[in-house]
Amino acid sequence: MTVNPAHTALWPAPHASGAVDATVHVPGSKSVTNRALVLAALASEPGWLRRPLRSRDTVLMAEALRAMGVEIEEGVGPDGTGEFWRVIPAGLRGPATVDVGNAGTVMRFLPPVATLVDGPVRFDGDPRSYERPLHGVIDALRVLGARIDDDGRGSLPLTVQGGGALEGGPVEIDASSSSQFVSALLLSGPRFNQGVEVRHTGSALPSMPHIRMTVDMLRAVGAQVDTPESGGEPNVWRVTSGALLGRDLTIEPDLSNAQPFLAAALVTGGKVLIPDWPSRTTQPGDRLREIFTEMGGSCELTDFGLVFTGSGTIHGIDVDLGEVGELTPGIAAVAALADSPSTLRGVAHLRLHETDRLAALTKEINELGGDVTETADGLHIRPRRLHGGVFHTYEDHRMATAGAVIGLAVEGVQIENVATTAKTLPDFPDLWTGMLGA
Ligand SMILES: O=C(O)C1=C[C@@H](OP(=O)(O)O)[C@@H](O)[C@H](O)C1
Ligand SMILES: C=C(OP(=O)(O)O)C(=O)O
């Protein structure tokens, strides 16, 4: 096997010489871009995505849809409106091959789409994608009428034998390992003959804001969705069969990718402006306004965006992150630099994310001299004086950005494979050094 030199390269994380004072334009949301691509591909007329995120996860999604017959034109709009993708739906056809990389959104959102394809669709991806849970989607699709060939482990690689249509109807799943199981079934639900009714039967469902994002975006393209919040039964979502509209959607900045920049303000006692921070959003990153305020900063949502200011002091926090699990690595990094201990709870499912994030954070922070212990569902972090060293990233974009946050305060931190940030934020190294005025 050849080793990609980018994976072993070390990036010296810049150390902040003073308080940051910067405006950072954060590219579009991964979660919104990939939902918008799927919904536009399933619509009955063309649609537009403006300022889509262009990163490994979203390019994989676009390529996969193209492989199934969808046309996606790329261009640049007039007057600083940025890039756009014009999605032209077509009769979905196979045979097709889909590379999911290590994108949860691709590996979970597309098998339901593939049941609508006329022909087989083969799914494969990075080695880690074989380990990430997919059984909820596979088992549910079989109950709803799909034919899927896998090796019996309920995971990748697999082939969906698309029949051009799916019966749909009611299905029970345990989505406690990933909210994306629910989102996946709902997104394609309008195109199933009987729509879909998803009943979650397991223990706590993580990442509820991401399910709300799915529901909001479905409704915005004309789908009828009944949810627990709209008076339905707890843990039951129902999508009615019907045509979807093509829309013109401007993608919000990725608020989870804004996290390291907000953390920089907190860690250096500085100030960061994130333009275009939405006043209303389903993105989990919006919770950072509250979490990082409790950890010592303050924020103001202005006409220009979110202004986040650090006070020079960082406090520990005791917080349940079950709803906003993808924020955990960045919060752990800040917590390791705080003036008191932290407990991060409700995130056992992070053991099956891009890497086992609880083990990775514990090992890497402790190797810099930290004192982190894993609990059954999270982390205890007791801040200690840290020293430089290599921060390994395990092909996890959020490990890389978490290491960069620590590097601001600790001299001599080197991030292994910073290029892994390309999963959702290929511009990270440039945005980071730009923020620091380097
Ligand atoms: O639907 C989505 O866009 C996401 C849902 C969450 O997944 P899990 O529920 O698997 O944590 C989140 O962590 C992931 O980054 C994006
Ligand atoms: C868990 C994440 O990604 P994925 O969409 O691959 O699940 C993440 O981005 O933190």
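Every residue gets a Cβ built from N, Cα and C, even glycine.
Here TrEMBL flags Glu326 as active site, proton acceptor. Cβ neighbours of Glu326 (active site, proton acceptor) (same chain, under 8 Å, six or more residues apart in sequence): Ser207, Ser256, Pro284, His353, Arg398.
The secondary structure of Arg357 (phosphoenolpyruvate binding site), as reduced to three states from DSSP, is helical. Annotation comment: TrEMBL describes Lys30, Gly104, Arg132, Gln180, Arg357, Arg398, Lys423 as phosphoenolpyruvate binding site.
Marked as 3-phosphoshikimate binding site by TrEMBL: Lys30, Ser31, Arg35, Ser178, Ser179, Gln180, Ser207, Glu326, His353. In the three-state DSSP scheme, Gln180 (phosphoenolpyruvate binding site) is classed as helix.
Here TrEMBL flags 17-430 as domain 'Enolpyruvate transferase'.
Counting only residues at least six positions away in the same chain, the Cβ atoms of Leu53, Ser55, Asp57, Thr58, Thr105, Asp254, Ser256, Asn257, Thr424 sit under 8 Å from the Cβ of Lys30 (phosphoenolpyruvate binding site). Sequence-distant neighbours of Ser179 (3-phosphoshikimate binding site): residues of the same chain at least 6 apart with a C-beta under 8 Å from its C-beta are Leu205, Pro206, Ser207, Met208, His210, Ile211. Within 10 Å of the C-beta of Arg35 (3-phosphoshikimate binding site) there are 26 other C-beta atoms, taking all protein chains into account. The two recorded residues, Arg357 (phosphoenolpyruvate binding site) and Arg35 (3-phosphoshikimate binding site), show a Cα separation of 24 Å. A C-beta separation below 8 Å, combined with a sequence spacing of at least six in one chain, links Gly104 (phosphoenolpyruvate binding site) to Arg132, Ser178, Gln180, His353. Ligand 1 lies under 6 Å from the Cβ of the following recorded positions, listed in sequence order from Lys30, Ser179, Glu326, Arg398: Ser179, Glu326. When pLDDT is averaged over the domain 'Enolpyruvate transferase' (17-430), the result is 97.
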